[in-house]
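Written below as structure tokens is the structure these notes are about.
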Amino acid sequence: LPSPIPWSLTQPVTPDLLVSPSSQDGDLGSECPEDRGNWTGRLDFLLSCIGYCVGLGNVWRFPYRAYTNGGGAFLVPYFIMLAICGIPIFFMELSLGQFSSLGPLAVWKISPLFKGVGMGTILIVSLVAIYYNMIIAYVLFYLFASLTSDLPWQHCGNWWNTDLCLDHHVIKAGNSTLPVNISNTVSPSEEYWSRYVLHIQGSSGIGDPGRIRWNLCLCLLLSWTIVYLCILKGVKSSGKVVYFTATFPYLILVMLLIRGVTLEGAWKGIQFYLTPQFDHLLSSKVWIEAALQIFYSLGVGFGGLLTFASYNTFHQNIYRDTFIVTLGNAITSILAGFAIFSVLGYMSQELGVPVNQVAKAGPGLAFVVYPQAMTMLPLSPFWSFLFFFMLLTLGLDSQFAFMETIVTAVTDEFPYYLRPKKASFSAVICIVLFLMGLILTTEGGMYWLVLLDDYSAGFGLMVVVITTCLVVTRVYGMKRFCRDIHMMLGFKPGPYFRACWMVLSPATMMALLVYNIVKYQPSEYGNYCFPTWAEALGILMGVLSCLMIPMGMVVAVLQEEGTLWERVQQASRPAMDWGPSLEENRTGVYVASLAGSQSPKPLMVHMRKYGGITSYENTAIEVDREMEEEDDEESV
């Protein structure tokens, strides 16, 4: 006999049975967990991703990499590598974050055996955040130094200059009369950077850091204060700041580009930057360089993308966002190359030397070459201020992502203790990282910065990305992962994404990893070679993030019961509460698997909410039907 209908269900009031735990406060329309926070505007997520990906590397690494690896021909491997390992891994990270609404540590409920991957990610991001904010501190230093009528690195004759100093005005005058030998001279901007800003002459090497440079220390304190104030309320505050920090650099970049291409000799630099040398495409190094540029420029593996996506609503169209951000990032890099090389072409004409003698990458371009070029322009303090303000905004939103990743990862692990005190916890993290970064403000701080830059996010990061890719496709299963995306977006990823996730992306990353190990070169800064103990420390930084993976495995296996193989199998399966964070989004295998779950069918909550069946409920029903069919096939 059918069981009698409970009296409570015959009443007109909505029974508790049909109300999901997330809507107990009466707000049935809530799409995101209130206590965790979420994006408050439609463009917050998109602009945050653009701000995170478009960083300092687009300005000071891409143009240099392009001209040293075949000029315009470099764009061929660049876009191929973007398609093979950039876009697919980017989409995978966003999908994992949005589906689970969890940070880079808690997301490993997908396979608890590999939680060490998340721990490795947090270690890498913490090390990068320490030195990345020091670069922002240098930018602030130059920004304040530009607030003058006469740039301090314009002429020789200051207390920090040596007898080797020779400024371009003298060179220009020499060109019109007698040729000047500039091979043994140093530009005023180079001496300003090394002897005044860094005061590197006060240190004999990495083992002798010297005294703290208090002006740099104050700039570092200011940069951490800015970062803290912007992430104070999590994505609700940083999501608003990026409306400025992600868009304003484009305005300045266009201004610098227009100014650059109107300079005499600009075409010389642009020609040098873009002239295709197709013979370079036969070299494996060029393809590796293209993959490295994509890998670091998009910021995959750092957990930032996953963290940002975890604050999305469940049905946000991340497929569209993936293409907007990745292609926008590539176009920005190319645009920055025009802005940089047009000015370098003008500078080479002024100095009477080839472009390749003035072109540099990294901090050398930002703090030596470009500032020197600025002194040759009319209204030089204005252009200098604009350039460094652009670098500041480019750097800040990347730093927001690093900090949000660390804070979100830890608060998701201990939500009951830390979420109510997220602002205080963020302050503690900022203070700790500021104190750890104090060694970078010493006279020998640049040696430590180079060491961190070379090793903190090297092969360790690649191991993390390769492992993530293999776990999602092999351990969790490609079919399951595609089904999850189908639940979110209403369609399954096509063969292009599946082929990249299964074979092409991991294989490319493996090739990068092998190349990095085979072509390993000890770190150096200028003519200074690092001692063996410093190299060992750097390698240890990289290895430590990799060691987190087996350490996490040991912990996960010890928490299970049974034989060793049974423990490994149990630990590799998704946790019971893995899946969408809100009960109304949990269909199929995810129904009623949340702790404290009451609803027999979350779809009923949706029907009450929308007054009928929506396209997403149709998708849910379709996914359920597919799963039932697969179960029937398996049982047969």
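Using the three backbone atoms N, Cα and C, a Cβ is placed for every residue, glycine included.
What TrEMBL records for this protein:
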BINDING   Gly51, Val54, Asn58, Ser297, Asn329, Leu394, Asp397, Ser398  Na(+) binding site
DISULFID  Cys156-Cys165  disulfide bond
REGION    1-31  region 'Disordered'
TRANSMEM  45-63  transmembrane segment
TRANSMEM  75-96  transmembrane segment
TRANSMEM  117-144  transmembrane segment
TRANSMEM  241-258  transmembrane segment
TRANSMEM  290-311  transmembrane segment
TRANSMEM  323-347  transmembrane segment
TRANSMEM  382-402  transmembrane segment
TRANSMEM  423-449  transmembrane segment
TRANSMEM  455-476  transmembrane segment
TRANSMEM  496-518  transmembrane segment
TRANSMEM  538-558  transmembrane segment
Two-stretch contact, the transmembrane segment (538-558) and the transmembrane segment (382-402), at least three Cβ pairs under 8 Å: no
Other parts of the chain folded back onto the transmembrane segment (496-518), taken as Cβ under 8 Å at six or more residues beyond its ends: 81, 84-85, 87-89, 91-92, 284, 288, 291-292, 295, 458-459, 462-463, 465-466, 469-470, 472-473, 478, 481-482
Spatial neighbours of the transmembrane segment (323-347) far in sequence, C-beta under 8 Å, 6+ residues away: 46, 49-50, 53-54, 58-59, 62-63, 66-67, 75, 78-79, 82, 86-87, 90, 250, 253, 256-257, 259-261, 263-274, 293, 297-298, 355, 358-359, 365, 369-370, 372-373, 376
Cα distance (Å, whole number) from Cys156 (disulfide bond) to Leu394 (Na(+) binding site): 31
Residues from the same chain, set at least six apart from the ends of the transmembrane segment (75-96), whose C-beta lies under 8 A from its own: 66, 107, 110, 281, 286-287, 289-291, 293-295, 298, 300-301, 305-306, 308-309, 318-319, 321-323, 325-326, 330, 334, 465, 468-469, 472, 481, 484-485, 488, 493, 496-497, 500-501, 504-505, 508-509
The transmembrane segment (290-311) versus listed stretches 45-63, 117-144, 382-402, 423-449, 455-476: most Cβ pairs under 8 Å: 45-63
Check: same-chain CB within 8 A of Na(+) site center, minus Gly51, Val54, Asn58, Ser297, Asn329, Leu394, Asp397, Ser398: Ile50, Tyr52, Cys53, Gly55, Leu56, Gly57, Ala246, Pro249, Thr332
Stretch with greatest number of CB pairs under 8 Å, the transmembrane segment (423-449) reference, 45-63, 117-144, 382-402, 455-476 candidates: 117-144
Same-chain residues near the transmembrane segment (45-63), Cβ under 8 Å, at least 6 residues beyond its ends: 39, 135, 235, 238-239, 242-243, 245-247, 249, 273, 293, 296-299, 304-305, 308-309, 311-312, 316, 321, 324-326, 328-329, 332-334, 336-337, 340-341, 361-363, 365-366, 390-391, 394-395, 397-398, 400-401
Distal contacts, the transmembrane segment (382-402) - CB-CB under 8 A, six or more residues away: 48, 51-52, 54-56, 58-59, 125, 128-129, 132-133, 135-136, 139-140, 142-143, 146-147, 151, 223, 226-227, 230-231, 238, 241-242, 244-246, 248-249, 252-253, 255-256, 259, 299, 302, 304, 307-308, 366, 370-371, 374
By Cα-Cα distance, the member of binding-site residues Val54, Asn58, Asn329 nearest Cys156 (disulfide bond): Asn58
Pairwise CA distance, Cys165 (disulfide bond) versus Val54 (Na(+) binding site), rounded so that it is a whole Å: 35
Recorded positions listed as Val54, Cys165, Leu394, least Cβ neighbours within 10 Å: Cys165
